Every structure is written in structure tokens, then in C-alpha cells.
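As recorded in Swiss-Prot, the features of this protein are as follows:
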SIGNAL    1-29  signal peptide
TOPO_DOM  30-154  topological domain 'Extracellular'
DOMAIN    32-145  domain 'Ig-like V-type'
DISULFID  C53-C127  disulfide bond
CARBOHYD  N60  N-linked glycosylation site
TRANSMEM  155-175  transmembrane segment
TOPO_DOM  176-210  topological domain 'Cytoplasmic'
TRANSMEM  211-231  transmembrane segment
TOPO_DOM  232-247  topological domain 'Extracellular'
Amino acid sequence: MASLSRPSLPSCLCSFLLLLLLQVSSSYAGQFRVIGPRHPIRALVGDEVELPCRISPGKNATGMEVGWYRPPFSRVVHLYRNGKDQDGDQAPEYRGRTELLKDAIGEGKVTLRIRNVRFSDEGGFTCFFRDHSYQEEAAMELKVEDPFYWVSPGVLVLLAVLPVLLLQITVGLIFLCLQYRLRGKLRAEIENLHRTFDPHFLRVPCWKITLFVIVPVLGPLVALIICYNWLHRRLAGQFLEELRNPF
């Protein structure tokens, strides 16, 4: 009976290493990385914007918890849990404005759509995926721009003046041409009838020509300037209102 062999040290060591390897591999089996856009996403005030997010390696995320929040106070922008959108957990300023696009959630890809973009939406967003106790996240940035950011007063005046100048030159040339033809025609008729012709008869005062050309020009220009100022005041008022009442 003394000849019964005990487990050798190498075999015990191999079993221990195999068990350790299985535990490590099982612990890493559920891990993944969350990937978001590397560059800032740009949107215009009042438009829609989409914030994409995915996990790598790709896997079915239907049973995971997926969401977006805004640092630093972790305001919930959108939350997906237990296969449903949890609208009750949203921050008040995002209720009714977000939609989670889940067409590719089986591949671990989702997109958050935000409607009616506001100035207050500018800044950082964080997307996260949670699988049981394991969670990973990725940060992204949204840039909100004024739809009329390129319209400076100088550009507006230039856009208004160029067509006006062309219109003024065209109207002036047409007016002079008609006046010349009319004077020539009347002169010929008067000479044929042997009547006295007064060269000042068809001469139009300069102030009348100026009034005839300038008045139609100033009207559209003034209207454009008023429209520009109204739009900027409206956008500025919306921005200040969002700052006063963020929720």
C-alpha cells in the first residue's frame, strides 16, 4: 500500500495554472471598449444632430444598459435599460427631444438623435454601455453654431449693394436709351411738321432721375438690414432664455 503514488508537484502546478487561466479568460470574456467620434460633431441651432457610439469587439447589446449623460453633474440625456427607453430618468431639458436609433444594436452600434438643437446643448456628452457589473464609456463633444454665423454686417451690405448697383446701372441705361429715342422721334416729327422745337422740352431734372433710381434701391436694402437685426435679436433672446431657464 505504501507504493501508492501521490500527485507529483509538476502535475499540481499545471492544474493550478490551467485553473488560473480559465478564470482570467472568463473574467475578460465579457469585456469590451466603447468607441465614439474622435472629432467634435457640429450642428446648427434648431436642427437635428446624431451622436454615434459602438462597442468593440461588436456584440449584441440588446440586453445591455446603454445611455448618454452630460458631465460634470451626470445629467441623463437618454437611457436604455431592460430593452426599453427610460424616459422618466431624463433631464427635463431633453424630454421629448431625444431618440435612440437601435437598428444596429445587435452589432453593438447605437446612435442618439437630438432634435431642436439649442445653444445649451453645446459641450461634452458621455456614452456608456453596461453589461451586468462591467461598464465602459466614451466621451464626445458637440459644437452648436448660429445658422447665420457667416452673415456679418459687411457681408450683408456687400450682398445687398452688388445687385442694387447692377440694377441701378441697368435702369439708368434703359432710361437714357428711351429718352434718347423719344427725343429723336419727336424731333423728327416736329421738323416734318415745321414746328418750333424747344431743346429743353424733354429734359428731365437730375433730382427726378435720382429719386426714380435711389428710392427702389434703398427699400430692399433697408428691409434686409431690418431682417438681419431681427433674426439676430431673436437668436440672442433664445440663448439668454436658455441660460436663465436651463431646466
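Cβ coordinates come from backbone N, Cα and C, glycine included.
A distance of 17 Å separates the Cα atom of N60 (N-linked glycosylation site) from that of C127 (disulfide bond).
The disulfide-bonded residues considered are C53, C127; of these, C53 has the fewest other C-beta atoms within 10 angstroms of its C-beta. Residue counts for the topological domain 'Extracellular' (30-154) under DSSP (helix as H, G, I; strand as E, B; rest coil) come to 14 helix, 61 strand, 50 coil.
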